[in-house]
Amino acid sequence: MARHLITSALPYINGIKHLGNMVGSMLPADVYSRYLRQRGHDVLYICATDEHGTPAELAAKERGLPVDEFCAQAHDAQKAVYDGFELAFDYFGRSSSEQNREITQHFARRLNENGFIEERAIRQVYSPADGRFLPDRYVEGTCPHCGYDKARGDQCENCTRVLDPTDLINPRSAISGSTDLEVRETKHLFLLQSKLQHEVEEWVARHEEEWPQLASSIARKWLNEGLHDRAITRDLDWGVPVPADTWPELAAEGKVFYVWFDAPIEYIGATKEWSDLDPENRDWKSWWYDADSGENPVRYTEFMAKDNVPFHTVMFPATELGVREPWKKVDYVKAFNWLTYYGGKFSTSQKRGVFTDHALEILPADYWRYFLIANAPESDDSSFTWEHFTATVNKDLADTLGNFVNRVLSFSKKRFGEEVPAGAPAGESETKLGEEIAALLAEYESHMETLQFRKAAAALRALWSAGNSYLEEKAPWLEIKTNPEGAALTLRTAMNLIHLYSVVSEPFIPASSKAMRSAFALSEDTATWVTQDEAKSLDSVPAGTPFTVPPVLFAKITDEDLESYKERFGGAPE
């Protein structure tokens, strides 16, 4: 059986992330990881904060902190939010770790030995006002391709084109805002991607048919435009230093590796961080080195937003290929479009949009987890609106699932006491229901296996709806007047549906799923996946099992709540 290695694109260290960041990489990876674990697979889910480069230095400067101290605090703050969202990382590391430094420097040495790194003198932007060379992200200006006036010197976030700072129109310093910029000569290391173009093309060709269209089209676009040699070092104070044993002159000048060189390597570095915590029982290399062979090969799935696709499908594979060592390369790239806020961008400065820490202040994580996955921007951009969020939570979670659980358990307790009633043997309605549930479960599983999250959410919702339809058809509140045994059967069947829901809903809404399972006094709280036979029989909770009525799973969002959220976070543009 394959082992599953799963990574999310590393969140930048420079602040708490918004809902778009959450649904674009971390949340779907967590949903998929949870599902695979429930199915009995060996799963390793790795993520980390991306701590090097311009964002870290700028954010630390704004806070008046040394950059290492800022990163330590920001890492802990992000980790607390992700814990609140119940993201079940096996390990959440830091790209500033010693492990990442060692592996990044190893990669650089190997690339150099194999003839894929070259030292070049280049002309780079220098700011007299700041007294320093300005790395890519320190330069802002207008994109020459799309005209976006807040493009950075490394990439335009509007059109996703990769840039050099000298490409920008009307460039300015991101530190001081000064437009008095000069171009001076400095030396840097270049990764000779042009020499690896053919190998990367062959590698992409072997995988792109399996990838979603979004990922494969971006990778192919980059390859068609040709891979260019790119500088992989920067003039920064914070980063993985260039090793002095290989490049003594550059090391003496304080050069560090470009953040997009060391950040993907941190997937490996974080795995070693995890392994080093328990080296007798964890083997990081078995997940990354020569991991395609043996009885339990690794299948590697990456999750990211579309702006990260070029780096993961072209640049990092080129690095791995050039090292000439059997490092594991990605098998499946799950890419996402943008989640917008009323059709526009999330903005911290303009106080527009919901950031993850604030989201947890007003509502439990399961509300957000379900809505975001059910509306994940898979085939196109999707828009968050408070009206849509409220309607989804109230209809799907409060009415369809939460109300079903409360109605069944409350009514059964009132009429039959605090144990699951026995009632009559299963009849035609129960047989029909079991077949319907098994079919819907198979559909749900199919979508989860192929990482189609919106479709999986729709199938999960259909499972919940099937229970409501069964309850309305049988109407135990009427049935009990003339056929108490039949009413008991209906409630016993419905309680088994609740337990089934608690298992299959676990990837989406883990806290609520646990609350549903905890309602039944079973021997253990098991979330082991439901088989087709178990789905058909609906008898995992036997008659006589004690149960309790849990607190309301999902409180409805009122009109007053809706207006207060829009006032706090901003609503539709006027």
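Every residue gets a Cβ built from N, Cα and C, even glycine.
As recorded in Swiss-Prot, the features of this protein are as follows:
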type	residues	note
BINDING	Cys143, Cys146, Cys156, Cys159	Zn(2+) binding site
BINDING	Thr348	ATP binding site
MOTIF	11-21	motif ''HIGH' region'
MOTIF	345-349	motif ''KMSKS' region'
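Regional average pLDDT for the motif ''HIGH' region' (11-21) in the model is 94. Ranking the binding-site residues Cys143, Cys146, Cys156, Cys159 by C-beta neighbours within 10 Å puts Cys156 at the top. When Cβ-Cβ distances below 8 Å are used as the criterion, the motif ''HIGH' region' (11-21) is approached by residues 47, 49-51, 55-56, 58-59, 70-71, 74-75, 77-78, 81, 305, 338-341, 346, 348, 353-357, 359, 368, 372, 384 of the same chain, each at least six residues removed from its ends. Across the motif ''HIGH' region' (11-21), the DSSP tally of helix, strand and coil residues reads 3 helix, 2 strand, 6 coil. The Zn(2+) site, placed at the center of the C-beta atoms of Cys143, Cys146, Cys156, Cys159, has further neighbours from the same chain whose C-beta lies within 8 angstroms: Pro144, His145, Gly147, Tyr148, Ala151, Asn158, Thr160, Arg161.
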